[in-house]
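Colleague: Structure provided below as structure tokens; questions to follow.
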């Protein structure tokens, strides 16, 4: 899977971006502070236009005279928040997986293998076992590559229905079938008596709410929780059904493949992301964990302007398939307000028409009112594959370590380093780069 | 012409950056532990497995190697941070680094302490949940509580050693360095006196207190500061939000 941040890859529909910039009316101070940090922290030239929406960049010069302490505090808030947004879900997923592995013995019991890994590892010689695991890994990786290419081809040729059907079937399987098995095993472990009727109700509710949250609209936290749960379930399945050497090999090869697929110009994942970027669409909701702040729900209720914007947001969720949203918007260009809402608004503040001109006028207004969030707090997105990958790593380590927690902890620390450095380069990472730089400079000067 | 701010300006905020880069520091300690255990593992396999005295000797040797490697990695981390400090000072706007060396020393020591403490105690904690009776085979029944105290001492010690070590490296007082390494070796050696807990825990705590006082004075504290801190707590303005 791939990683990107909002600032560098604008995956949101264009309307939302322009509205976001008009919306994020903080004081001159904060906005320009964050813009400066945004410009310096992410790739600088990336999309200042989308943030400012045509507003001049001269307020950046004002930033230079800002208070040092305020400066520090903002970077502190900004940087820390991003890291926490990232490693809390990853940690949660790993905690769930490790807790399950340590308590429920079902997931460490060998009950056969997947059809993707036909070769057994119960062989006489070490060489045979190595060969079998290499073959298993090769088959698994080729299956993954084929599926990825299929997905990219389907996306390129706009076969959205097929993709959505595929995603819906897979999330149905995860949310109903796998969670049913999981729940059953947990009950067996803790010797809890449960009748089928209660179980059916629980699974039904869990599954249906999960489908709604992931594929349609739902509270952000609930959606995040569901994504973490299905990643954990998927990771547990892999831990159970992949034999040891195969699992480690697959993990190694997948990380290499991940790098190649994302960084290589012709890599399938890169093509996917670029196509999505070109079309200004969001990618599939069922495959991405987004830590976006809930600025939809937190909107101030009193401010009519914000209310109008909030309503516009809530009528199309950014997670919904973007093409559908764009179609809807084109057909009813009343700004996306529903009829009843318009009546409500008319009765409250008098008849106001939301036309493109009025919206443009609003957007051109200078920033002068307080808001709750700002562009930079849009957060990061992480593919679910990464969650599953890390969880399988930690889970396998804790499963094979026969009760030793040190191994699990060491893996956990290693993964945190990857997360923290990839998304939040701190002084240690910069040190390496700087060290290299100094080294090269000193060599050059000699 | 002002140099552009470095990518990842997050470390301009010392608090968050130092705390959140805990995994990096922990990783350094883990690598030292890995190397030491590799050495021990190899030496055990190359030696006679039946000779218990030899195995015990190898264990002591392994522990000593581990201590030395930890200090080596602490030194390596110090070097790394110095380089980063220079780099940050160069590229920062006012020519000085935003993170002070003392802060770095403290956090680095603390991180080493946390990870080493966690590694010492987490298996014991996990076992303490399960059914069982402590020391039923004739071992000390105080195993859990003494392990807890020992871990606490270890965490404190690593923190103090970090502070003293960095300061000693900065001011090139090599006798300080030697003293830190020696005290680490002594502490590690004292744990071999377990289960004679009076002989091991009490001296370790004495060492901890001494190190603590030393680190306090190294970090620039003084008796007067303590008094001032205790008396003027209310009137001191809150520096960081």
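Including glycine, each Cβ sits where the backbone N, Cα and C put it.
What TrEMBL records for this protein is below:
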type: COMPBIAS; residues: A:15-29; note: compositional bias 'Polar residues'
type: COMPBIAS; residues: A:31-47; note: compositional bias 'Basic and acidic residues'
type: COMPBIAS; residues: A:50-60; note: compositional bias 'Polar residues'
type: COMPBIAS; residues: A:312-327; note: compositional bias 'Polar residues'
type: REGION; residues: A:1-66; note: region 'Disordered'
type: REGION; residues: A:306-378; note: region 'Disordered'
type: TRANSMEM; residues: A:83-101; note: transmembrane segment
type: TRANSMEM; residues: A:134-155; note: transmembrane segment
type: TRANSMEM; residues: A:162-184; note: transmembrane segment
type: TRANSMEM; residues: A:196-214; note: transmembrane segment
type: TRANSMEM; residues: A:226-242; note: transmembrane segment
type: TRANSMEM; residues: A:248-264; note: transmembrane segment
Colleague: Is it true that the transmembrane segment (A:248-264) and the transmembrane segment (A:134-155) have 3 or more Cβ pairs under 8 Å, skipping pairs fewer than 6 apart in sequence?
Modeller: yes
Colleague: Do any residues, 6 or more residues outside the transmembrane segment (A:196-214), come within under 8 Å Cβ-to-Cβ of it, and if so which ones?
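Modeller: For the transmembrane segment (A:196-214), the sequence-distant neighbours (Cβ-Cβ under 8 Å, at least 6 residues beyond its ends) are 168, 171-172, 175-176, 179-180, 183, 222-223, 226-227, 229-230, 285-286.
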Colleague: Cβ pairs under 8 Å only, please: of the recorded stretches A:83-101, A:134-155, A:226-242, which one is richest in them relative to the transmembrane segment (A:162-184)?
Modeller: A:226-242
Colleague: So which residues does the transmembrane segment (A:226-242) touch in its own chain, when a touch means Cβ under 8 Å and the partner is 6 or more beyond its ends?
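Modeller: Distant Cβ neighbours of the transmembrane segment (A:226-242) are 89, 92-93, 96-97, 100-101, 106-109, 111-114, 117, 171, 174-175, 178-179, 182, 209-210, 213-214, 250, 289, 384, 387-388, 391-392, 395-396, 399.
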